[in-house]
Amino acid sequence: MEYMSTGSDEKEEIDLLIKHLNVSEVIDIMENLYASEEPGVYEPSLMTMYPDSNQNEERSESLLRSGQEVPWLSSVRYGTVEDLLAFANHVSNMTKHFYGRRPQECGILLNMVISPQNGRYQIDSDVLLVPWKLTYRNIGSGFVPRGAFGKVYLAQDMKTKKRMACKLIPIDQFKPSDVEIQACFRHENIAELYGAVLWGDTVHLFMEAGEGGSVLEKLESCGPMREFEIIWVTKHILKGLDFLHSKKVIHHDIKPSNIVFMSTKAVLVDFGLSVKMTEDVYLPKDLRGTEIYMSPEVILCRGHSTKADIYSLGATLIHMQTGTPPWVKRYPRSAYPSYLYIIHKQAPPLEDIAGDCSPGMRELIEAALERNPNHRPKAADLLKHEALNPPREDQPRCQSLDSALFERKRLLSRKELQLPENIADSSCTGSTEESEVLRRQRSLYIDLGALAGYFNIVRGPPTLEYG
């Protein structure tokens, strides 16, 4: 079978349709189809992790109607991956029976960092949930990161004192795909899933906490990332992708908000759109992902492979180095509600690569954004690219946030010593632009220093400064 082709007649019809549509018509169509601006829309996963779901659904419905308790839904307890997948399938299939009918919480836990008490795991008494505070922003900002159809909270088990991320998904939007990949595949660059608990009408997913926030949050608060920071993040994500792709898993939503900083690494999160391929080419029934990072072959819906993640990573690299996603500077969202047609006709967005990008990094990005997926490198190939393996003398001295903060303080002290007396004196009143910048930088150092000291968090990516 020709790659990316499901039949010559169908191909000719689609090409003919696209050829005769003008941009305004396409925009109107896409705006109606994708009225919601929430990225990463959930659709049922096509991977079958629990083949007897129909039989189990009938059995569960029968038990619920008879007033008997379903074993998976009677309490919060430790279990196997198979138990968790069975629980997820039952919750997803029996949504209509749960509204107002759950006297207490129930769930399956995979890790003993979560400590239930007598089959219960109650909010406030057993686990504390607080809105996630972005470490790069003012503590009072009240920022709560969002994933597809879910909020993320910081959770702490009251007995083990383990801090975790807790993603809340309304039960009517919960799908088994939300837990399948993380439960079945373990890797250091994939956020570990600790368990799932159903409280009332909301499923709570507990996983490794990325207390350093996401790449998107860092970009929004600190601006474009430096190249050695990008190298650090990219190597971690490519390791995760190499593992997933070796298992024939497509993540389908690689983007800055789904890359999270742990204490010493970067990890991938949000696997709700992921699928496990059963053949060399995945033939989708729907669009999966966030369109601004989508590859051309995903948009055409004629079939794609794990190479789609590589293209999305290339688009993410542009976002990291410029602080702006590809396409949006040249095609503002206000004028172009959808980028699907633009990506189909004009990809790859090589014009959006940063002007100060090194030759090696530019070569890597161009390779990742190769329009033909057959010519696009694998994750393992990109890991060997010279852009990600610079000479030792070119690597930064700072390998942690602590050392970066120390370096920042040293640089600030040096700048203050070099300032003329009249400017140094005016820094308290902010009478000059330079002194105002210095004052903000000092404030940033104090805020980050306090956070690092109190929470003992984030030791990556390596950077000379976070400002």
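Any Cβ shown, glycine's included, is placed from N, Cα and C.
Its Cβ placed at the centre, D253 (active site, proton acceptor) has 26 other Cβ atoms within 10 Å. Look at Swiss-Prot and you will find D253 tagged as active site, proton acceptor, backed by sequence analysis.
Here Swiss-Prot flags V144, P145, R146, G147, A148, F149, G150, K151, V152, K167 as ATP binding site.
Feature annotation from Swiss-Prot assigns domain 'Protein kinase' to 138-388; the stated evidence is sequence analysis.
In the three-state DSSP reading, T80 (phosphothreonine) counts as coil. Packing around T80 (phosphothreonine) is summarised by its Cβ count: 11 other Cβ atoms lie within 10 angstroms of its Cβ, all protein chains included. If you look up Swiss-Prot, you'll see T80 (among others) marked as phosphothreonine, on the strength of similarity to another entry.
Look at Swiss-Prot and you will find S141 (among others) tagged as phosphoserine.
Annotated phosphothreonine per Swiss-Prot: T290 (among others), in sequence order.
Residues or ranges marked as phosphoserine in Swiss-Prot: S400 (among others).
Residues or ranges marked as phosphoserine in Swiss-Prot: S443 (among others).
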Exercise. D253 (active site, proton acceptor) to V152 (ATP binding site): how many Å between their Cα atoms?
Worked result: 17
Exercise. Tell me, how many other CB atoms lie within 10 A of the CB of T290 (phosphothreonine), whichever protein chain they belong to?
Worked result: 22
Seminar exercise, completed: Rounded Cα distance, in Å, between T290 (phosphothreonine) and T80 (phosphothreonine) is 32
For this session: Compute the C-alpha separation of T80 (phosphothreonine) from V152 (ATP binding site), stating it in Å without decimals.
Result: 24
For this session: Ten-angstrom check, please: count other Cβ atoms within 10 Å of the Cβ of V152 (ATP binding site), all chains counted.
Result: 23
